[in-house]
Amino acid sequence: MTKAQLFGKPLADDVTRGVRAALKEWAGAEPGFQPHLVSVLASEDEASRVYVHSKARQAERLGVRFTARDLGADAKQDELHAVLQALSADADVHGVVLELPLAPGLDADAALRHIAPCKDVEGLTPANLALIAAGREAEALLPPTPRSVRFLLREVLGDDLRGRRVAVIGPGRTVGRPLTFMLNNRGVTVTLCNECTRDLRDVLAPQDAVVVAVGHAGLLRPEQVQPHHVVIDAGINVTPGGVVGDAVPDLPVRAQTPVPGGVGPLTSALMYQNLVRAVKLQRGERVE
């Protein structure tokens, strides 16, 4: 059995309090002002719809204006670019999210280039990722899911992650790739794995933690982990029985994030923290 369940809600609550404080301050100074977040869908991906519904619920609780633009799975690349460019140019829109993955045939890398970096609350535009890769995180909007993973690792391993060894399974655009740089920026030795990695048990054995973010239910199994491991499950898979992660539940490890309830709540809170930061960047205000 898992020795510790690592829940994201306590950390998410702390972040949300800061977001509420910023929104309250704006409401007092500018009655009627609401930051506006727009989520753009161009696929039939069920996991993306789960994320959108979660964002909408959180926006309603916070008092943030939220709009979902569903272009459908048959959207054309030029149409997607035009929508993202229009949202980026709209002064009434403060944050833009492109829900990934896109429908087959659509180029996510090309589409992300059409989101203004200062409205990129998911931190996935080339400009923000370049700052992260260069170790200039203070100037960027950081991707919320990798940032959630780093927060949760610190909860168990301590604030100083220097010298720790972490395996990241899944070199994806939204989690694995940016997380690799973000952990490296904190002095972590990162081993990047994928679904084709051979002898995964041996690769994982010396690691302090394992982060899995592939989108493959049951990918990480009991025979592949060690009792000293901290497992952060950033996978999301929609099954007939509900939403599950990439790791088998209740692994025999030191600590494990459940799905749902682990990475997800903190990711949502950090995205809205990014929205606050984005508003300040767009207004030319000082950003901490």
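Numbers run from 1 along the shown chain.
Every residue gets a Cβ built from N, Cα and C, even glycine.
Look at Swiss-Prot and you will find GLY170, PRO171, GLY172, ILE236 tagged as NADP(+) binding site. With a 10 A radius on its CB, ILE236 (NADP(+) binding site) counts 22 other CB atoms from all the protein chains. According to DSSP, ILE236 (NADP(+) binding site) sits in a coil region rather than a helix or strand.
With a 10 A radius on its CB, GLY170 (NADP(+) binding site) counts 23 other CB atoms from all the protein chains.
Taking each Cβ in turn and tallying the other Cβ atoms within 10 Å, the top scorer among the binding-site residues PRO171, GLY172 is GLY172.
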